[in-house]
Amino acid sequence: MASENMTPQDYIGHHLTNLQMDLRTFSLVDPHNPPATFWTLNIDSMFFSVVLGLLFLAMFRSVAKKATSGVPGKFQTAIELVIGFVHGSVKDMYHGKSKLIAPLALTVFVWVFLMNLMDLLPIDLLPYIGEHVFGLPALRVVPSADVNITLSMALGVFILILFYSIKMKGVSGFVKELTLQPFNHWAFIPVNLILEGVSLLSKPVSLGLRLFGNMYAGELIFILIAGLLPWWSQWILNVPWAIFHILIITLQAFIFMVLTIVYLSMASEEH
């Protein structure tokens, strides 16, 4: 993809372009003339997020089937460490009673981590294969650098927040929480509704945009290094940034998991 006939601007733009499908015609969108329409699906982001989700399920299912009470192997030990870490985080932060929270937190952490991990692949590897083997006009391989994916995950968390709020407090209790806090007087209902409504809606928005912003920035830095520097000097910056980026992708997965647990814990508290 870093072909000689590409300017740095073309190279950067190409790697920031998704493989899209027009849902009205079920045809691939020309990346040089993308339609400004709601009915467009980023099929590369969807594909990689689903594949990584299935990979997560396959790995954990394989370990569960082969789990032994004897001396565990290295892979089983790593999986057990992750499960223990997530279980400890849930135990410390979620004080309600729900069998869903720990599996949800584990899924969120590992799934987001795997999506973030795609950012460490060589920039041109999968796009080159996509173009020269499958004839794809564009391909982005980091699902968490797509705002549609991160906001969709955040929307799922938001639905659970509403579910647990209504389950624990009832419809009337949830409505009272929105209308009688922080000012417990009927005259302040409009003010309370605005304040609590903004606070409630800001949770999924900030959750999704935080992950997207950090991963998009990381992806962009890799692309800038590959697109603007000579090939022989790219490793000088790529290797240190990749090592530092390992911390970033792990931290972002952890933050997404922690905020999910905290938001659901707040929703489960009875006032």
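Cβ atoms are placed via backbone N, Cα and C, with glycine included.
Per Swiss-Prot, the features are:
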- 38-58: transmembrane segment (TRANSMEM)
- 100-120: transmembrane segment (TRANSMEM)
- 146-166: transmembrane segment (TRANSMEM)
- 220-240: transmembrane segment (TRANSMEM)
- 242-262: transmembrane segment (TRANSMEM)
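By the Cβ criterion (under 8 Å, sequence separation of 6 or more), the transmembrane segment (242-262) is in contact with the transmembrane segment (100-120), since 3+ such pairs are found. Residues 18, 42, 45-46, 49, 96, 98, 104, 108, 112, 115, 140, 174, 177, 200, 203-205, 207-209, 211-212, 215-216, 256, 260, 263-264, 267-268 of the same chain sit 6 or more residues outside the transmembrane segment (146-166) yet have a Cβ under 8 Å from a Cβ within it.
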